[in-house]
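The structure appears below as structure tokens.
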Amino acid sequence: STELSVFETNIRFVGGLLAAYALSGDKMFKEKALSVADKLLPAFNTPTGIPYAMINIKTGSTRNWGWASGGSSILSELGSMHLEWDYLSNVTGNGVFAEKVYKIRNFMNEIEKPMGLYPNYINPKTGKWGQHHTAIGALGDSFYEYLLKMWIQSGKTDPVSRKMYDDAVDAIEKNLIKTSPGGLKYIAEYKSGRLEQKLDHLGCFSGGMFALGSQGSSNPQKYVQLGADIAHTCHESYDRSATKLGPEAFRFDDASEAKAVRQNEKYYILRPEVLETHFYMWRFTREQKYRDWAWEAVQALEKHCRTDGGYTGIRDVYQENPQQDDVQQSFFLAETLKYLYLIFSDDSLLPLDKWVFNTEAHPFPINYVFKSNGVPVTVPVSAPVPVAVQAS
Ligand code: DMJ
């Protein structure tokens, strides 16, 4: 009778089960993914098709977070269902899941965007934006990631998601990308008419996204460079701390750059985003520095986060001997360690032209079936051929 987050349940459980199915071909995983996703369906019964954030899986009652502007749903949450649900429809032959995510995608495509930007809050009943707050970090992040990855998942054949991604990145470039006096590139946040000079650790994933999106863009070199610039800034946020691990958020104010200023932004909870970007940058550039930076992080994790029972977050990255928080987040295994492993593996392990990672780093096969222009499929055109991964 407990409430679940629709987004977290999808990216971690449905995504994990579907990736296990894709890698093993064991139907049990597909059936479990289906039964979990099925429980989330009532959250999508809204006039716009935009889901509520939470669902009580016993009663089916749904609601949004009390703190989210005017009863809104959250951009990153409503926008991080597509890879999983489209694939689920295709492997089960049940089109209802694809139908739901294409409805969201089409709604978000058609709605008017202030300055071309997507605010983080939208009301699922009225379809109106809540507070005009735009960020590539918390509350926005994986919405942008999934626009690009929908296109990749379609075997680069779906023009709608590619255009949505390109337009969103254009608006971000015009309005939010800044360079600090010290020469660090970052993506500021837009909050009700003003810019906040802050980048979340979460937003550091975008370096990898820009590099991944370079393929198929009008200017591949420019986007690999943008990826490199964000990777550099995010590495600086690690390098400028005593522990060599990065804070939850860092700012670019007169006094300091790429450093957390507020006490409640100084923690590190085993997050993967900086290593995720180093992984993509390594794959796209082969520059040794990305492996070196990843190795520095491994050593810091071993020094500050390893305990007898597992790995833990720390409360202040600027302390020589930081206090530990005694929590091992599940994304440490799903993402942080996976991206590290991949950085030091051969490219033939999960090659990027055959696999696309969901936002929890669960790999999905690419181009398993062609869907034209966002028209939902109701029957599977062909079952995917499960691929066994060869460890290098
Ligand atoms: C993960 O659950 C996912 O990457 C999500 O998109 C946001 N961040 C956490 C890990 O930091």
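Backbone N, Cα and C define each Cβ position, glycine as well.
Within the set C204, C305, the cysteine that TrEMBL bonds to C234 via a disulfide is C204. Long-range Cβ contacts of T359 (Ca(2+) binding site) within its own chain (separation 6+, distance under 8 Å): I11, G15, S80, D141, S142, E145, Y146. In the three-state DSSP scheme, T359 (Ca(2+) binding site) is classed as coil. Annotation note: E248 (active site, proton donor) sits in a coil segment as assigned by DSSP. For the recorded site, E8 (active site, proton donor), the DSSP three-state label reads helix. Taking only the Cα positions, the spacing between C204 (disulfide bond) and E248 (active site, proton donor) is 10 angstrom.
When secondary structure is read from DSSP and collapsed to three states, E273 (active site) falls in the helix class.
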